[in-house]
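The transmembrane segment annotation in TrEMBL covers 32-53, 230-250, 257-275, 313-334, 355-377, 450-475, 496-516.
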Amino acid sequence: MEDDRKDAVYGTPQKYDPTFKGPIYNRGCTDVICCVLLFLAIVGYVAVGIIAWTHGDPRKVIYPTDSRGEFCGQKGTKNADKPFLFYFNIVKCANPLVLLEFHCPTPQICVKQCPDRYLTLLSARNTRDFDYYKQFCVPGFQNNKGVTEILRDGECPAVITPSKPLAQRCFPAIHASKGVLMVGNETTYEDGHGARKNITDLVEGAKKANKILEARQLAMQIFEDYTVSWYWIIIGLVIAMVLSLLFIVLLRFLAGIMVWVMIVMVILVLGYGIFHCYMEYSRLRGEAGSDVSLVDLGFQTDLRVYLHLRQTWMAFMIILSILEVVIILLLIFLRKRILIAIALIKEASRAVGHVMCSLLYPLVTFFLLCLCIAYWASTSVFLSTSNTAVYKVVDDTACPLLRKTCNPETFPLRNESLQCPTARCQFAFYGGESTYHRALLGLQIFNAFMFFWLANFVLALGQVTLAGAFASYYWAMRKPDDMPAFPLFSAFGRALRYHTGSLAFGSLILAIVQIIRVMLEYLDQRLKEQVCQVPHGLSQVLLLVPREVYQIPE
């Protein structure tokens, strides 16, 4: 009677079946719609990459180009003897879009050398310095206009400042003298229009223009380090892998001994640390300057100064003593939990021993993640370098061609110049007016979104594969006889065949959360730079949203 009641509540008990090897039959695909959506997204991602590779030119990131898209210092070009890029107004490089477009919205020319003196067009005109100043004007400049017309036509910079070449770009030679920023011997500079500006404006422009160069230099240093020390890295990885394997094997047979030995060693090391701090504290007693407090000393860049203070060693001793007491109390009150943890470690090491190839599967995940990162980075660079110099018709009179796109090389010879005799074809911005160029920002966002999606998919695939491999060990009645011959490959195949849709669905949710978080954090960073108090308050609200609402535990 009691058995019937249990059957009604829990169901009919399953009879023992010696052929049962886990719930692996009668499977079906899950979340098919998400699987199809992922496939279509990957096809679109490949299409975006092909379009970006067709229009982009990554040499624009590596080598400087002038406003006409010609490379500086390249052999076989008219700029072969002009290796440096000069910005007419580097202050405009403080625009945040520089990081997306890899260009500053100001005319740029190739020069033989960076300026080494401070001059304005107004002060240099009709003096001997103008011969020096002319080399920083556009090629073919003719000194047959007034200063206002020259600046209006963008033929010469309004001002040049002492600069130094960095990665073939001319940046202001800014230095600090007694805590004050200076360029040359000046703390301010004239913008060429009669106004004095602070050096910090130049600093901001140089920083933004230098962001890409710093990233490139860091990447080159990393690459050079790898080329020099790659064999040592491989040797270190092999040694780490062998030691990890030995540790896992020892845990299978000596888990209890190893865990207790490590706990005792931690306690002994902390005890020695307390003793050493006390001895140093006693040794410094009576030494001159050792009784100065940390507050009175303040922050010091040389951290070794703090080691000569008794208060430092007292603080270390108190911290280590607290840690020692906490660990001993945890050991006393959680000793039964430690025994359970030891049993779990033994079983886990036994499972790893039966699925040894699981130790190598993280290399597969690492390889797939490297592919995702490489594709995202290359596509991002090609998209960012797809912009071209756009020139517009500019005229001070009423001209029907005003603000229309033009070609500076052919404009004087075309009929359009006859309609507006005083019009000129002037550099406007970097970008483009085609549908592709208008969609570049959206393509960059899609590129970042697909990177998050595919990276999360790869991580989820690895987790499901390892879970499936160890599930075959768990469900096997007679281990290892009832286990598949290759449990990891079987689990990998099951994950791709039946659960690609579910993996795509879960990684899609994470990708949406992550792209929203990135956009909100970017917006928060931009709002923090504003002086207005209302946006600053809004930035604080936006900062709370991604951290509290959009965080998903791993």
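Glycine is no exception: its Cβ is also placed from the backbone N, Cα and C atoms.
TrEMBL: automatically predicted annotations, no manual curation.
What you see is a predicted model, and the numbers here were worked out from it, not measured in a lab.
Proximity of the transmembrane segment (450-475) to the transmembrane segment (313-334) is not established, fewer than 3 Cβ-Cβ distances being under 8 Å for residue pairs spaced 6 or more apart. Just going by CB pairs under 8 A, the stretch in 32-53, 230-250, 257-275, 496-516 that sits most against the transmembrane segment (313-334) is 257-275. Same-chain neighbours of the transmembrane segment (230-250): 258, 349, 352-353, 359, counting only residues six or more beyond its ends whose CB sits under 8 Å from a CB of the stretch.
Sequence-distant contacts of the transmembrane segment (32-53) (same chain, six or more residues past either end, CB-CB distance under 8 Å): 375, 378-379, 382-383, 386, 436, 443, 446-447, 450, 453-454, 457, 500-502, 504-505, 508.
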